[in-house]
Amino acid sequence: MQFRVLHWESYVPLVEVSKFHHMWSFFGRSYNYNLFIGITEFLIGGLILFKRTRLIALLLALGLCTNILILNIEFDIRFAISHITLDLAITIILLSSYLNDLYKFFIKLGGKLDGSNIQPKRKFTKLFPYAFLIILSVSYFIYSFYLKSKYIVDENVIGSYKIKKIKVNDSVVELNKGNLGKNPMMFIEYNNQFVLSIEDTLYMGRYILDTENIKIYLDNPTKFGMTSLIGSLEIDTIRGKIDKERSIEMFYEKIDGSKNYLNDLYK
């Protein structure tokens, strides 16, 4: 999913969210919208290959690229401006060969056809776009599955969790409120990012998940001295060792999808 939103970022107060993340989270809220945009872009790319449908594909691409360029500029998505500008320039260049036809059709003929036909093409010229489209599509899907295989995640594990209690060597840790929201929270992200919102502080880190075992490494130590955790991951508990010395039990519950739509969106 192109506009996938990180769970911990969804808890950042709106006033603190950058324009980039505001737009990203807005589009990332709907899986169906992402699907619609992807299918539209794919259809435009496919229709451009064929002479009979190239003009309508270029007109659709002109509107789509212009809209994306304005969004990128207005929401400060600077890294993408150069890419969409190139796409828009190529679209305009390809459309320039149709200027006379567009003027004749929309202005002189008022949008009505004059009955002219496209001349028949040679067999190779006719079949090449179909072959190119099939090869490109198959190659893209193989490559996308390859990329996805490098980031295999369990969507049942990914999500936002409310931490009920943490015990270190059978002693209960005072968690206070979270940095994001009033409750202590734990976030397990699809990109192997692990985030703790406890002790009025946000602790960033990463994790490695192997079946029922989890390894967690934080960038900075917590107030109770946790920088790493190796243990077993259960539905509502993590049990293991922190820094290879002390035992730890972390009790939590996953936020219900009715209270956090992201927890159900990507399943």
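Start at 1 and count along the chain as shown; that gives each residue its number.
Backbone N, Cα and C define each Cβ position, glycine as well.
Automatic, uncurated: that is what TrEMBL annotation is.
According to TrEMBL, the features are:
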TRANSMEM  31-50  transmembrane segment
TRANSMEM  55-73  transmembrane segment
TRANSMEM  79-99  transmembrane segment
TRANSMEM  127-146  transmembrane segment
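Below 8 angstroms of C-beta separation, residues 42, 46, 49-50 of the same chain, each at least six residues beyond the ends of the transmembrane segment (127-146), sit close to that stretch. Note on the transmembrane segment (55-73): residues 23, 40-41, 43-48, 80-81, 84-85, 87-88, 91-92, 94-95, 98, 101-102 of its chain, located 6 or more positions outside it, place their CB under 8 angstroms from a CB of the stretch.
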